[in-house]
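Database features, via Swiss-Prot:
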- 1-235: region 'Pyrophosphorylase' (REGION)
- 13-16, Lys27, Gln82, 87-88, 110-112, Gly147, Glu162, Asn177, Asn233, Arg339, Lys357, Tyr372, Asn383: UDP-N-acetyl-alpha-D-glucosamine binding site (BINDING)
- Asp112, Asn233: Mg(2+) binding site (BINDING)
- 236-256: region 'Linker' (REGION)
- 257-487: region 'N-acetyltransferase' (REGION)
- His369: active site, proton acceptor (ACT_SITE)
- 453-487: region 'Disordered' (REGION)
Amino acid sequence: MSHSPTPLAAIVLAAGKGTRMKSQKAKVLHEVGGRPLAWFPTRRALEIGANPVVAVVGHQAEAVEAALAATLPGAPLRFAVQREQLGTAHAVLSAREALGRYQGAVLILSGDTPLLRAETLSRVVAARAGATLSLATMRLADPHGYGRIVRDPAGTPARVVEEKDATDAERALDEVNAGLYCADAAFLWEALSKVGSANAQREFYLTDLVAMAARAGGVVAVPVPPEEASGVNDREELARAGRVLLRRRASELMRSGVTIEDPERFDCDEGVEIGADAVIEPNVRLKGRTRIGAGCRLGAGAILTDAVLADGVTVKPYTVIEEATVAARAILGPFSRLRPGSDIGEEAHVGNFVETKKARLGKGAKANHLTYLGDATIGAGANVGAGTITCNYDGEKKHPTTIGEGAFIGSDSILVAPIEIGAGAYVAAGSTLTESVPPGALALGRAKQVTKEGWVARRKAEAQNKGAAEAAPAPSPADSPRGGRAS
């Protein structure tokens, strides 16, 4: 993290609606990498030491404020409301009160630029030291829609002209404004007070500051890659930005010792942590505050949300883990589901089509097949057979199930909570238990088996005889003992 050596504040412009998103939600609330768009420039400004950072909000102001406060807890954030959308200069001026008596450099950036790097912001801030204003520029093969950079005969930026106000010659220019500026606060407020709206859109353009700064003491242009500075205006651009962020993240992780088998099929939110020597198979999705320990292996199609995995955990394909904790060397899946509150112990096994919810499995405990464990505590070394169900809900309340260390639960057992199976106890397959079982005991909760030898043959013979009788023709009246004429 590179901090500015001089006082630095930042203003993030996040007031617009974003009509091209075709959404009821404000543009800057749309997410990439599990974060709202406005989070990215705000976070990058914080990374280079900006304090405070003022977010100018407008459309859905309360929701934008809440999203930034929730995703940047404890950060020196302030908020300013632009009640009327009168242009970018008006938006920046809306932040003046929030900055109070602050004197120093002010970095201005757009809230829809998730690809900006902290290093780029630092370059723009550093460039201002030799001028009244610094701004980022980029060269585009198709500059349509962007403000063009007009330079003087000496090659110094003289002004920015917006697309709708440009002449044909100016529209032919390929150097455009990237919407990232740095200026001294004193100059900024004085210049903004002089900006007018005599332009094609009748708006107060922030870009008018460039001409004012050129006259006051000079402007420095800082070239930046188009990929980095381009804003997000619609869903296609949102998706493209997301892929760029994922490629960056995959590259960063691989350089730190993580194996990602196919970086093009890797999906990871901002803030996810992955330890060295972890292996990520294709189509894994890592969300929220997930933490992956060293040496873990995540199988294809696994989805982890706010999960914490210790070192050496194996997650087989298509396992879903949400708000669960998994200890070292545990084995999960394939096709298992760990719901919130699950706590899986060291070397425990949770196998295919097993679902856990608020369940704790001790060291080496196993539930390998077709099982539901809800509100359950499973002791170390216990084995839960296929098809076992903990019936934790009575229609009104949840109840706990406790299975002691070394206990053995036979297949297709139903444990009706609240219930406790003692350490080392056995439950016979197919049992339905409603009472606790003492340690070391065997519990059978099923009907007694009855075997009837020869029953199948007798049943088949009866069926055949019945079928033959039903198929025989009915007797005619003449054949009846009462059917003839009396003599």
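The backbone N, Cα and C atoms fix where each Cβ goes, and this holds for glycine too.
Here the structure is a predicted model, which means the values were calculated and not measured.
Taking the binding-site residues Asn233, Asn383 in turn, the residue surrounded by the fewest other Cβ atoms inside 10 Å of its Cβ turns out to be Asn233.
It is 34 Å from the Cα atom of Arg339 (UDP-N-acetyl-alpha-D-glucosamine binding site) to that of Asp112 (Mg(2+) binding site).
Of all the binding-site residues listed (Gly16, Gly87, Gly111), Gly111 sits in the most crowded Cβ setting, with the most other Cβ atoms within 10 Å.
Long-range Cβ neighbours of Leu13 (UDP-N-acetyl-alpha-D-glucosamine binding site) (same chain, at least 6 residues apart, Cβ-Cβ under 8 Å): Val56, Thr88, Ala91, Val92, Ile108, Leu109, Ser110, Gly111. Spacing of Gly87 (UDP-N-acetyl-alpha-D-glucosamine binding site) relative to Asp112 (Mg(2+) binding site) is 16 Å (Cα to Cα, whole number). Remark: the residue listed as 'active site, proton acceptor' has Gly351, Asn352, Phe353, Val354, Gly385, Ala386, Gly387 as non-local neighbours, by Cβ distance under 8 Å and separation of at least 6 in sequence. For the binding-site residues listed here (Asp112, Glu162), the lowest count of other CB atoms within 10 A around the CB belongs to Glu162. Looking only at Cα atoms, Asp112 (Mg(2+) binding site) sits nearest to Gly16 among the binding-site residues Gly16, Glu162, Asn383.
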